[in-house]
């Protein structure tokens, strides 16, 4: 090794580019630092031929195995050994990375042992402690001159620096062994960053032109998957829902230990993809998620908590294919209960999730999904994943299947400090036991139903043993039209497939048989339609048909043509064979078609219905009032003489195939809540007799006992709600701006951070803050003053519910609340 500064980890200059971030990585050097000489600590750190960098610890990019599990274990052992060494040995180690301070003119930036150890190093020689008077082979000054700044450093700080030293040496090996240019460049940047932090005795912070800090996208992958479970499976019974939650945990766990392929490999596989965007995420992933698994002196983040939809889209297809292939290969190694979960349920789960990942209008990626579905999420849907400490080491059991969930290991002291899980004594927001005891005394927002009551009602209506009354083995007389069909689909009696003819590839025999079956069903059920016309459209490549299959044969279908550029789909034929009608198949068929179109971002149906079909289409939400402009569809759809044009607008937030189940459950909840309220009000009033005397209507407040139920009349406001939306918007904007500018508004400007307020989101079920209100106002969410006032009132109520009355936050809430009410009175929104 050259003895000039900048040759190796002991003498590599850390000044140039050390402060640059991963987005502005220093150019890859023409000649990387050469291999360390005999006796250099790098040789010992490499640990023989088994050492490798995080990205090179796997054979192929994209594997699901956590890279370098053995490497991280070796590093942990070496750190433990070094931290238990005598102080003199520690000083020798740190001296290698410390600039000489004997003279200002001395440029030596790392002490070099004049008597290097042999290669490979012998165990008996490793324990020899060098004297502080030993001269440096490079500058001839004593070791003490290199470590004079460490004389009064505590053992804890010295151990921290030694941990960084071993991480530097590990990254030095990575730089030399890595073949991919992009990955090598990131390793080199991190190597210099850690090297600089040793020289300056600071904490390494990744920074630079990638100004964005974690999280890089909201909502995160973890939140998106959690939203997906709530969106698609909240209606399921608790046992089935728990299965979905387990699948979600498994999926998130695999992403956290998934190894991303290098940008160069991705460029070869997908030349048309956005490589620059992927490279940016890959760099962030290396710096914040991958390398910190092994170099714990760097702050570590979970991939699923700091990345969002963009990264998930870039890896999902490959990841899904490899996970399922891996599951098939290792099915014999899996326990029986895991085998069913992974081989049967996991593929379906991934398919449904894939549709939401790539859909443009999927609600699971909306920022306000949680606030919009907060009540649904509380009905038994638990958080999909309980986040482990942000920094931690993961151990894999080599004897178990690689699809088993890894166990979270222990965090190092440095990691615990950065994880934010331990409350500091000086934290302002502190939850005390006395506060919990006083919870019942706190005011609550009007209309909120206690979660204990909701959970109790849910446990009653979902537990057959808790429901009173006779057992029934058949569908209720009031069950939804599609309930029988939905149950048959779950049992596998019926199936739904979108099929169509193709000019590009030869359809398989099964699809051709189904197309012929569809032609026959439409011909029999639509006798006034020419058979040749039906055949032409069914086999037209521009048309598709949602086929209903039972016992392997077609019993119904909906033929349609999509016009993506116009934003609508034309329904051409819709029929179910006569002997299979009145079973709910028609409704369930249409609901599947609606969900199919939501996934393809087409939210309008148009159809010409004859006199016999109008009733059916009305039941499916169609109307004679067409919502889309006439210019969009004139000249595109087929006009039928004597038929009525009908349209249907789809709501992308509604899971149509499960909609009736959700409505039914909501009705059951309301019914049970009413029954409980009735049980609390013991007084029975006689019925109203006024209607017998010809009275057509009476004021609600005149009904005997109505006030005892908790009903309150709405006060007659002198100044009515502004009818003009723009006028209301301007008024609310002015009020909100004045509230935000108030000197007591500072605690409420941003959403409460979990690290600042432990347990806040377990106490406060419906959080609100001024930033969220500003975004809602900007998006025209507040269509009435009541919505606006309810949100701002919730800000104050939440604060008072969480914080004790003597706290500064509580006092700020009282002051700001009075100010707010004075402003809405001035604006004439309430009576003065």
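Each Cβ is built from the backbone N, Cα and C atoms, and glycine gets one as well.
Matching 395-436, 437-478, 479-520, 521-562 against Swiss-Prot, the residues noted as region 'Disordered' span 395-436. Swiss-Prot assigns the feature region 'Disordered' to residues 706-725, out of the candidate ranges 686-705, 706-725, 726-745. Taken through DSSP, the domain 'N-acetyltransferase' (503-651) splits into 53 helix, 41 strand, 55 coil. Considering only the binding-site residues 576, 582, 584, 612, 614, residue 570 (active site, proton donor/acceptor) has 614 as its nearest partner by CA-CA distance. Minimal Cβ crowding within 10 Å, among the binding-site residues 576, 582, 614, is found at 582.
Across the residues annotated as binding acetyl-CoA (574, 575, 576, 581, 582, 583, 584, 585, 586, 587, 612, 613, 614, 615), the widest Cα-Cα separation comes to 19 Å. Packing around residue 612 (acetyl-CoA binding site) is summarised by its Cβ count: 8 other Cβ atoms lie within 10 angstroms of its Cβ, all protein chains included. Sequence-distant neighbours of residue 586 (acetyl-CoA binding site) (same chain, six or more apart, CB under 8 Å from its CB) are 556, 574, 576, 616, listed in sequence order. Remark: secondary structure over the domain 'Bromo' (723-827) totals 70 helix, 0 strand, 35 coil, with classes taken from DSSP.
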